[in-house]
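> Straight from TrEMBL, here's the annotation block:
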TRANSMEM  B:31-56  transmembrane segment
TRANSMEM  B:84-102  transmembrane segment
TRANSMEM  B:114-133  transmembrane segment
TRANSMEM  B:139-159  transmembrane segment
TRANSMEM  B:166-188  transmembrane segment
TRANSMEM  B:214-234  transmembrane segment
TRANSMEM  B:255-284  transmembrane segment
TRANSMEM  B:290-312  transmembrane segment
TRANSMEM  B:319-345  transmembrane segment
Amino acid sequence: MKTDSSGRRAGARTDSSGRRAGARAGSSERRAASAARRRVVVLAAFVLLLLAALVASVCVGARAIAPADVWRALVGADGGEAYLIVHDVRGPRTLLGVCVGAALGVAGMLVQTLTRNPLAEPGLLGVTSGAGFAINVGGLLGLAGGQAGQLALASLGAALTAVLVYALGSAEPLRLVLTGVALSAVLSGISLGLRLTLPDVFDRYRFWSIGSLAGHEQAPLALPATTIVLALAGAVLVTRPLNALVLGDDAARSLGGNVVRTRVAVLVLVTLLAGAATAVAGPIAFLGLMVPHLARRPAGGSVPWLMAYTMVLGPVLLLASDVTARVLLPTGEVPVAVVTAFAGAPALIWAVRRRGRVAA
Amino acid sequence: MSRPVAAPPVLTRSVVLRVGPWSFRAGRRTLVVSGVLLAAALGVGLLGLCLGGGSWTAPGEVLAALAGHGDSVVVVREWRLPRVVAGLAFGAALGLAGAVFQSITRNPLGSPDVVGLDAGAYTGALFAITVLGGGPGTLAGSSVAGGLLAAAAVYVLSLGTRLSGLRLIVVGIAVNAMLTALNSWIVLRADLDVAIAATGWSSGSLNGLDWDEIAVPIAVIVALALLPAALSPAMRQTALGDEQAIASGVRLNPLRLLLVLAGVGCTATVTAAAGPIMFIALAAPQIGRLLAGTAGVALAPAALAGAVLLSAADVVAQVLLAPVALPVGVVTTVIGGCYLIALLARKARRAAGPPAS
């Protein structure tokens with residue numbers, strides 16, 4: 001299939017056959033219907049993938065559990081080993097993965113759509129490292145005690161970094177990435193210095209320098225999960241105005257949208273999503289970059305569909321990375337951020353090369 | 001070669017040295033700046049000798065100890081001197097490598113640490129330690145191979161995108177991220193003692209270097225440094241643009257290949273001995289260029305600025321959190337990252353606002 005290479009903006013690329021359809025106006029309605037059906041089919045496929053990822057995430061690990069045993073552990077309360085593992089370790093961890101994956105994927109998609117920058121992503125822009133750094137510093141000042149405190153600190157750090165990076169690098173997409181990387185490097189250097197100075201204080205906070213889902217199975221999920229779910233609901237509400245904003249500020253205004261309000265709402269949502277995800281799992285980069293890029297082609301320029309696909313694909317990718325992280329080492333496991341970086345960096349290269357071809 | 005009929009005013013302010021068939025020309029300001037930087041490097045080196053290990057020795061005593069008198073001969077000559085010499089030599093090597101890469105890519109951001117060569121060299125070094133398990137020779141060879149592979153990967157992946165400035169850098173960032181992930185996986189897989197050694201070294205550190213460990217790297221660096229020095233006239237021609245360079249008799253591809261080899265060699269040698277020390281290669285050439293007021297990246301000021309930067313950062317790393325000896329890479333990362341952000345901010349202002357003047 002030959003795709004429309006000049007379609008730079010997603011909206012222009014709804015369907016490569018769109019031009020031909022214009023010639024035969026009678027069939028356009030049928031085509032729209034078939035496009036809608038295709039989108040539903042794709043969504044169903046993604047949901048199936050999510051189910052597979054959920055099963056794998058509960059079954060695979062240091063002690064493999066057969067899916068049948070998982071089912072038995074879920075429905076009955078026999079109190080056996082499989083029951084304990086499923087209920088106390090892998091179940092909460094899988095839920096955590098679903099929340100964090102959806103949050104990071106949607107945050108990445110919102111930033112990319114808002115800035116019209118295919119390279120933007122909270123991890124790459126340093127927003128998640130800013131959140132992790134804020135928790136580290138809060139720990140030094142004795143503020144990061146409760147979960148609410150951590151969440152507030154992470155959101156504050158995310159907001160400050162987002163504003164700083166955007167102020168410095170908004171002129172050009174590639175520059176934005178570079179600014180984010182530089183800022184992450186500075187913050188990680190300072191964190192490492194602090195940690196070496198006060199090893200006993202910072203041993204607890206080491207976790208927030210590299211993202212991982214391990215070791216937080218016992219932490220109560222209610223507060224961060226509620227925040228993420230509320231922010232995701234907000235993101236769903238903001239899709240319509242955002243869909244108009246994709247066409248450009250003027251078009252959005254003439255369609256009756258409040259551009260400034262939409263922008264602010266999106267930024268607040270991104271901050272909340274990235275902050276909450278970092279507060280529970282540490283900084284995880286590249287996930288928010290990969291997911292929207294995978295979802296963009298099937299969504300075909302529609303922001304609501306892109307949002308739906310992102311919400312499903314984000315957990316799929318994070319859970320798959322987490323399962324990989326568990327089996328990569330003969331003993332113990334790799335932090336999941338290592339896996340997402342290894343899998344996601346090619347997505348960055350691909351995006352950069354693609355932009356190169358379009359611009360040339 | 002014939003002399004130009006009317007030399008432009010800039011050329012008149014230069015010094016020409018002729019020895020037999022060899023001639024050497026340098027701007028007067030470049031010479032002065034190089035001299036000042038050399039003095040600064042020696043001064044910082046002396047400070048490092050006085051300070052080492054958190055205790056202070058008077059400069060007079062240090063100088064006496066260097067000459068072989070007094071009580072602190074062993075401390076100064078055997079403990080502190082290797083570290084100071086390593087700081088100066090490694091800093092110079094990184095500055096040189098940065099100058100070479102920045103002039104090849106014609107981009108102040110195109111330095112080996114940003115585009116992932118340090119991470120590649122570190123991957124090579126880790127591979128040598130965990131899999132090959134050889135001596136220093138294997139380590140050096142493997143890290144050079146890792147650096148070259150990373151350079152080749154970045155180059156191939158940026159092909160077809162016109163190698164234009166920032167795109168190359170962002171491809172480099174992606175390669176860097178992948179290699180860093182790979183490195184942490186290797187470290188986590190390794191046996192505990194190897195892992196501890198590798199982690200202490202992963203952010204770049206001069207802690208605990210002795211003469212045996214630095215002798216070979218320094219010899220290699222000196223040998224590699226001769227290459228760009230010999231090629232510097234041709235490098236100056238290429239700064240004018242590819243067509244100009246070819247027209248004036250420069251064979252571009254062999255030149256680039258040699259320069260890349262020298263640059264990667266310098267970076268990888270330093271990485272094999274001290275771990276990936278970030279941002280010196282990024283900052284030093286630009287500082288040298290600003291001080292010397294040259295149009296392109298000048299090699300000698302870049303190397304000397306690198307020596308000053310790394311040894312100063314090492315002094316800071318030892319003093320900052322006094323009982324704890326920070327890895328010097330932490331200090332260079334923080335300073336260099338701030339420098340990079342400032343660089344980007346200045347460019348953004350220039351791009352966004354009207355011209356200041």
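Just so you know, glycine gets a Cβ as well, placed from its N, Cα and C.
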> Test the contact criterion for the transmembrane segment (B:31-56) and the transmembrane segment (B:290-312): 3 or more CB pairs under 8 Å, pairs 6 or more apart in sequence, then answer yes or no.
yes
> Looking at the stretches B:84-102, B:114-133, B:290-312, which one shares the most CB pairs under 8 Å with the transmembrane segment (B:255-284)?
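By Cβ pairs under 8 Å, B:84-102 leads among B:84-102, B:114-133, B:290-312.
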> Counting CB pairs under 8 Å, which listed stretch among B:84-102, B:114-133, B:139-159, B:166-188, B:214-234 touches the transmembrane segment (B:290-312) the most?
B:84-102
> Can you say which of B:139-159, B:166-188, B:214-234 has the most Cβ pairs under 8 Å with the transmembrane segment (B:84-102)?
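Between the candidates B:139-159, B:166-188, B:214-234, the best contact partner of the transmembrane segment (B:84-102) is B:214-234.
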